[in-house]
């Protein structure tokens, strides 16, 4: 699958855009996930500030704190086919904080978070240990495919 079969609507909804990964980076990271699919894939990637992420986490998950990534799968109406998988929302401040706290290169952690969020759109989860182990293994494999050596484990809020 070529990268042009993965379409990303990149929304930059944060005040400070300096140092963010560019569209091409997100495109390559997401394309690595979907390289086994032989169909067109579309998703929205929205980068937000901590205030918006806090609100989204509270509104949708009833958690009164911000988080690093949220995923919102799209389910088309019955009988309708759509290449749209859903939305991945990433919090700039939390991802940058985690990167520094864990001493992980910024690009590596951004790649990890978009991969993590995209896997949620495909139905992967980490609610129970068995699912978490599988999801982390898939994340590591994709990160290696993207040229990153390790995958840090990030506590999910």
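Even glycines carry a Cβ here, placed using N, Cα and C.
So that you can see what the record holds, here are the features copied from Swiss-Prot:
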- 116, 120, 126: Zn(2+) binding site (BINDING)
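The Cβ of residue 120 (Zn(2+) binding site) has 19 other Cβ atoms within 10 Å, all protein chains considered.
In the three-state DSSP scheme, residue 116 (Zn(2+) binding site) is classed as helix. For residue 116 (Zn(2+) binding site), the Cβ neighbour count at a 10 Å cut-off comes to 25, with all displayed protein chains included. DSSP assigns residue 126 (Zn(2+) binding site) to coil in the three-state reduction, outside any helix or strand.
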